[in-house]
Each structure stands twice: as structure tokens, then as C-alpha cells.
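Undergrad: Per Swiss-Prot, the features are:
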- 166, 167, 168, 191, 232: NADP(+) binding site (BINDING)
């Protein structure tokens, strides 16, 4: 029997609608309109698509968006100066620097320059640290989006064996913290993990984010597991696929996210949610 598909597009639309209603209510209450500043450096086509999607989501929610498209040659000092200006601008609630940045730029230094209360991506060490000590402020968008999806489908991680494959700062590490916060028993797998197939086979909830097409084989999946595929990879024929071998995995899993249409839309919905939250922090 095929797994139930977890429809991130549908869940994200409901969340965007709720955010739009909250923004409209703010305007009725004479509170300022939330504002997101997005910075794109260079002409990376994928980055440009992501930025366009974020602008579209802002329009749907009634959130003001500012766009800064800088040339590939932008220096570290120039980018830091822009971040400083946006930090100081009281009209800007959220700042997002689109990754990856050109190789000559120090991404970590730039992310750390963003004020934690404007860090709507949730990448600042302060925000990751708050999540680690069970006091989240700005939660990383993709991991929080995954938790929202689980909640929407009535999946409670409490007491479940959750396995995260991938230990990146953007997905794997904060995802493990989110699952731990939800009281799952969490295992994180990475490039030094031995017997990966055995670890995957033990998972009640499996979250995979490694950026390698079809990396996790469908036959490894525990029957009845919930599979969340964060990966999105473009194959030579132009088609998109995730990090999990979808066709075989869906015959074993109880629920699974498709790629595209699973986690991706939730990342953007959570970004809008974080921008609204940042605006509420700045009301005082």
C-alpha cells in the first residue's frame, strides 16, 4: 500500500492565509506593517528563483518586502555595511541574506552581523543557542516548517525514535534540536556514521537533508515510518528529486513528503511567520 503524501503546498497556503489575516489585524490596530529585507549577491539563477518566491509570499501576506540585488563583485565590507544599515532601520523587521554567497565572502561573519531579533532565517548563533536551551526566539525556517507539517498531519514526535540524516547548520543540527524540543528520542547521522541503513531502519520519523539525489534507499525505511525529505536536487534530465528514493520508500512508509511540494513551501511559510513575529517584537 502506498504512503499518504504529506502536502506541504496545501499546509503552507493555510498558514500564509492565517499570516495575511494577522497582518490585516495589525493594520486595523494601527500597528506597523511587517517588513522583510532580502539581499541577493551575484546572479545565481536558483537564488534568484528563491528570492522571487519570497517576494510573492510577502505580497500574499501583505508583508512589505525590500530587495537588494548586489553584483557578484560586492566586497565583504560593502555587504556588512548594508547589513548594518538594515539593522539600524526601524522600518525593517527581518533581514535575509540569500545563501550561498559568492566564495570570496565569509557567510558566517555576515549571518552573525544580523541583529538576532531581525534574523528571520534563524541562523544566528544566538537563535540556535536559544533553541538548544528550550527558549526559541527566531526558529530556523526549514526545521520549524517540518515541525509545522508534522503537527498538521497529527504526528506527535513525543516518545518516537527520530533519525535526522545530515548535520548541516541550516537543516540537520537545528532539526535535531526541534525534534528534541518535541520530546522525540533523536539520532543524528552524518558522514562518519557507520551502518547508516541500520540507523534509518530504526526511525519512526526520518528527516533527510544531505543534498544528494536518492541517497537514502527506499528499502532502508522502517514499515509505517513517517519520511520527511528536505532535499531538492535537479537531475541531468531537468527533473527534480529528493534525497530519498521516493518510489520504493512510499511503498514502505506510512506518510512521506513529495519533492517538490513537500518541505519547500513550508520553509517560505515559516519565513513569513518569523517576519510577523519579528514585527511583534519591534512593536514595543
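Heads up, the Cβ atoms here are built off N, Cα and C, so glycines get one too.
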Undergrad: If you count other Cβ atoms within 10 Å of each one's Cβ, which of the binding-site residues 168, 191 has the most?
TA: 168
Undergrad: Counting across all protein chains present, how many other Cβ atoms fall within 10 Å of the Cβ of residue 167 (NADP(+) binding site)?
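TA: Its Cβ has 18 other Cβ atoms within 10 Å.
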Undergrad: Once near-sequence residues are set aside, which residues in the chain of residue 166 (NADP(+) binding site), 6 or more away, have Cβ atoms under 8 Å from its Cβ?
TA: 172, 189, 190, 208, 209, 210, 211, 230, 243
Undergrad: Which residues, sitting 6 or more apart from residue 232 (NADP(+) binding site) on the same chain, put a CB under 8 Å from its CB?
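TA: Looking at Cβ-Cβ distances below 8 Å from residue 232 (NADP(+) binding site), excluding near sequence neighbours, one finds 240, 242, 259, 260, 264.
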